[in-house]
Structure formats: C-alpha cells, structure tokens
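J.: What Swiss-Prot shows for this protein is this:
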BINDING   145, 148, 174, 177, 206  Fe(2+) binding site
BINDING   148, 173, 177  Zn(2+) binding site
TRANSMEM  7-27  transmembrane segment
TRANSMEM  38-58  transmembrane segment
TRANSMEM  73-93  transmembrane segment
TRANSMEM  133-155  transmembrane segment
TRANSMEM  165-187  transmembrane segment
TRANSMEM  196-216  transmembrane segment
TRANSMEM  220-240  transmembrane segment
TRANSMEM  257-277  transmembrane segment
C-alpha cells in the first residue's frame with residue numbers, strides 16, 4: 001500500500017506547501033499594495049484544484065481501498081463518514097480560533113500600515129495586548145496547518161503526482177494566509193522583519209503535522225486506515241475550499257475572476273490526471 005521510497009518526496013512536498021506562508025509574509029514585507037485581482041484568481045484556482053481532485057480522485061480512491069477490506073455497502077458508508085469527519089475536524093478547529101487571530105480572516109498589505117498608524121504608540125497596555133494577539137496568530141496558523149500537512153503528506157505518499165498537485169494548491173492557499181498572520185504580528189511588534197519571521201516559521205507546523213501523523217499512524221497503516229484517512233483528507237480539502245478559499249477570493253476580487261480561477265484549477269487538475277492514466 002505504501003512505498004517507503006515516497007516518504008522523503010512526500011515530506012519535501014509538505015515542507016514546500018507549509019513554507020509558502022513565507023511568500024505571503026514577504027509580500028507583506030516588501031509590497032506597497034496588494035494585487036487583489038491576482039489573489040482572487042489564485043485562490044479560486046487553488047479551490048478548483050482541491051474540489052476537483054477531492055471528489056474525482058481522492059474520494060474514489062478511498063472507496064476503492066476500503067472496498068478491498070469490506071463489503072461495497074460498508075465501504076460506501078465508511079468513505080462518506082470519514083469524508084464528513086474530516087470536514088468536521090477542520091470546522092471545529094476554525095471555530096475555536098477567534099476573529100482576528102484566525103489566519104483565514106483575510107487582510108491586505110495596505111491594512112497593515114493603516115492599522116499600525118491607528119495604534120496609540122505610548123500605551124504599554126496596548127503593546128502587551130497586541131503582542132499577545134500576535135503570538136495567538138502564530139499559534140492559530142500552526143493549528144490550522146497541522147491537518148493540512150497530513151493531507152498533503154498522505155496524498156503524496158499514495159501517489160506522488162497527486163501529491164504534487166495538492167501541495168501546489170495548498171501552497172497557493174498559504175500565501176494569503178501568511179499575509180493574514182503578518183498583520184497582527186506587525187501590530188504587536190511594529191517590526192516587518194519579525195512579522196515575516198513569525199509567519200514563515202508558523203508554516204513549519206505543516207511538515208510537522210505530516211511527520212507526527214506518519215510516526216503515529218505508521219504502525220497502524222493498514223489499507224483500512226489508509227482508506228479512512230484518504231476520505232477524511234478529501235473532506236478537509238473541500239471544507240477549506242468552500243469555507244475559506246472561495247469566500248476569500250470573492251472578497252479580494254470580482255465574482256467572475258473567482259469563477260475563472262476555479263474552473264482553471266479544475267481544468268489543470270483534470271488534464272494532469274488524464275495525462276497520468
């Protein structure tokens with residue numbers, strides 16, 4: 001079921017996806033304005049890739065694996081249950097992270113400067129409060145990226161070509177997420193470099209999630225467990241797409257740009273799957 005030769009590749013892809021938060025941080029550090037039209041298309045593209053591959057490839061593959069271990073009826077029930085369990089997991093995590101500390105609440109480069117300018121510079125209490133908020137933001141994105149790392153890792157472990165596509169989609173998703181984390185960190189410190197560093201390092205939780213998941217689950221990595229994990233990965237990615245990527249794409253740009261990105265992502269994913277038939 002699992003080719004150990006794929007482990008390093010899977011881990012490398014997950015590391016690439018996680019550290020893409022640093023790209024978002026760099027944008028917040030160097031850019032003078034946010035290209036919202038590009039972000040709208042990019043986020044829509046990422047959502048299109050995730051939704052298409054989840055329903056067309058991952059969900060089907062999870063069912064096929066489970067069907068080899070039990071009856072077709074039970075395999076269908078297990079696949080559906082694991083799919084919604086994955087969605088529920090990421091929904092609970094999202095619910096537990098409040099308002100501004102949530103890295104899925106999108107912000108822009110311009111907002112960093114406006115927000116900092118509005119802060120009272122000589123209030124020690126506000127400085128402490130904002131520093132605490134910045135730390136919370138770093139912790140929040142770490143929590144969010146943990147299951148995403150496991151998703152990218154498990155996909156690459158099963159099928160390297162599929163893993164590459166998912167890692168790229170998650171990396172695109174992590175770019176504006178890194179920008180969002182940089183905002184409260186910058187509020188707390190007034191230091192763009194520190195905002196970049198904190199946000200960049202918070203992405204490390206993605207490969208850590210992959211590593212922990214692999215170490216913990218490896219002794220139990222039977223076909224049944226793998227099938228359940230794969231179905232839950234599909235649920236996680238569909239939830240991220242519908243709850244976070246698509247609304248953010250709409251917020252950043254025009255509706256038609258978002259839809260263009262979605263179908264472009266689906267088309268690229270469909271073509272890549274056809275080429276590997």
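Keep in mind that glycine also has a Cβ here, set from the backbone N, Cα and C atoms.
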J.: Mind checking which residues reach the transmembrane segment (7-27)? Cβ under 8 Å, same chain, six or more beyond either end.
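T.: Those are 34, 109, 141, 145, 148-149, 152-154, 156-157, 160, 163-164, 167-168, 170-172, 174-182, 195-197, 199-200, 202-207, 209-211, 214, in sequence order.
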J.: Sorry to bug you, but what's the C-alpha spacing from residue 173 (Zn(2+) binding site) to residue 148 (Fe(2+) binding site), rounded to the closest Å?
T.: 11
J.: Taking the Cβ of residue 174 (Fe(2+) binding site) as reference, which residues of that chain separated by at least 6 in sequence fall under 8 Å from it?
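T.: The answer is 17, 18, 20, 21, 23, 24, 145, 203, 206.
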J.: Could you give the residue numbers and ranges of same-chain residues that sit at least 6 residues beyond the transmembrane segment (220-240) on either side and whose C-beta is under 8 angstroms from one of its C-beta atoms?
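T.: That would be 1-2, 50-51, 53-55, 58-59, 61-63, 65-66, 68-70, 75, 78-91, 147-148, 150-151, 154-155, 158, 166, 169, 173.
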J.: Among all the protein chains here, how many other CB atoms are within 10 A of the CB of residue 206 (Fe(2+) binding site)?
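T.: If we count other Cβ atoms within 10 Å of residue 206 (Fe(2+) binding site), we arrive at 33.
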J.: For residue 148 (Fe(2+) binding site), just count the other CB atoms lying within 10 A of its CB, please.
T.: 26
J.: Which bits of the chain, at least 6 residues beyond where the transmembrane segment (38-58) starts or stops, bring a Cβ under 8 A of a Cβ in it?
T.: 155, 162, 165-166, 168-170, 172-173, 175-176, 230-231, 233-235, 237-238, 240-242, 245-246, 248-250, 252-254, 257-270, 273
J.: Over all shown protein chains, what is the count of other CB atoms within 10 A of the CB belonging to residue 145 (Fe(2+) binding site)?
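T.: Within a 10 Å radius of the Cβ of residue 145 (Fe(2+) binding site) lie 28 other Cβ atoms.
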